[in-house]
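According to Swiss-Prot, the features are:
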| type | residues | note |
| --- | --- | --- |
| BINDING | 105-220 | NAD(+) binding site |
| BINDING | Cys266, Cys271, Cys274, Cys304 | [2Fe-2S] cluster binding site |
| DOMAIN | 1-101 | domain 'FAD-binding FR-type' |
| DOMAIN | 232-317 | domain '2Fe-2S ferredoxin-type' |
Amino acid sequence: MIEVIISAMRLVAQDIISLEFVRADGGLLPPVEAGAHVDVHLPGGLIRQYSLWNQPGAQSHYCIGVLKDPASRGGSKAVHENLRVGMRVQISEPRNLFPLEEGVERSLLFAGGIGITPILCMAQELAAREQDFELHYCARSTDRAAFVEWLKVCDFADHVRFHFDNGPDQQKLNAAALLAAEAEGTHLYVCGPGGFMGHVLDTAKEQGWADNRLHREYFAAAPNVSADDGSFEVRIHSTGQVLQVPADQTVSQVLDAAGIIVPVSCEQGICGTCITRVVDGEPDHRDFFLTDAEKAKNDQFTPCCSRAKSACLVLDL
């Protein structure tokens, strides 16, 4: 863990604030990587993940952006209402689950709303490398889009395209046309609300884009509860202990109650922290972290949100 001080906070769009962290001991932070995020420990014991958006390679400070979301489980509310300049908070070292691919001919970046934060960091990295890219930034309106004025005058402004729901029709996003015009060497990166990401990714797949060219990061998972959810068992491979997982509890909650600790963070199947190997049984994958190919192997799952299709899952614990 790293203790940091909030050195600056500013409103960058309606309901979006940017926070700047500096190391409390005055030292250097691990360098920023494009696509990386940090875990921020918030008041009330909450831990939330926020992408870094400042210049890749920076070590003097970190910058994150936080949307105050009415559907929040408490994290964004805690940031907006409880954090203030000068306060000390604990953060993790950066982790990168959304990196830029090496050796790519061209990159197509799609950001929806607050999803601009990791995408902005990627754009800065690609511009510094002098690599070919295009950034498409979508938002409901200009006042709800962060960093717009800066993007209009930055060094790579000619690579940026804006798409606002309340703008003229000719500037609205036409994902099908954009994706159809790209060569096979182009890779796609997308971050934003689930519906936005689903539209971009589904359009790409319909046009034959290979999965290894599609890169995504989810900020929040849509509710994934089924009325047909039932109970099932998990068996601990090392001890043979059998635990019942009721319909209204997750595997990680049941394991925790039994004193079996599996690290969790997002609790929504987004971050990959809790991935656990499956020895036997068939998981019901409900996460947004594993790829379709990884899910098809059924040899790992996310106990924070995924369940079981079989009567029992044997876990490598």
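Indices start at 1 and increase along the chain as displayed.
A Cβ is built for glycine as well, from the same backbone N, Cα and C atoms used for every other residue.
The helix, strand and coil residue counts that DSSP assigns across the domain 'FAD-binding FR-type' (1-101) are 8 helix, 42 strand, 51 coil.
You'll find the Cα of Leu120 (NAD(+) binding site) roughly 27 Å from the Cα of Cys274 ([2Fe-2S] cluster binding site). When the binding-site residues Leu120, Ala180, Cys266, Cys274 are compared by the number of other CB atoms within 10 angstroms of each CB, Ala180 has the fewest. Residue pair Asp165 (NAD(+) binding site) / Cys271 ([2Fe-2S] cluster binding site) shows a Cα separation of 29 Å. Secondary structure counts, DSSP: the domain '2Fe-2S ferredoxin-type' (232-317) has 13 helix, 24 strand, 49 coil. Mean pLDDT across the domain '2Fe-2S ferredoxin-type' (232-317) comes to 92 in this model. Once Cβ contacts within 10 Å are tallied over all protein chains shown, the binding-site residues Leu135, Trp150, Asp165, Gly195, Cys304 are led by Cys304. Cα separation, Trp150 (NAD(+) binding site) to Cys266 ([2Fe-2S] cluster binding site), rounded: 31 Å.
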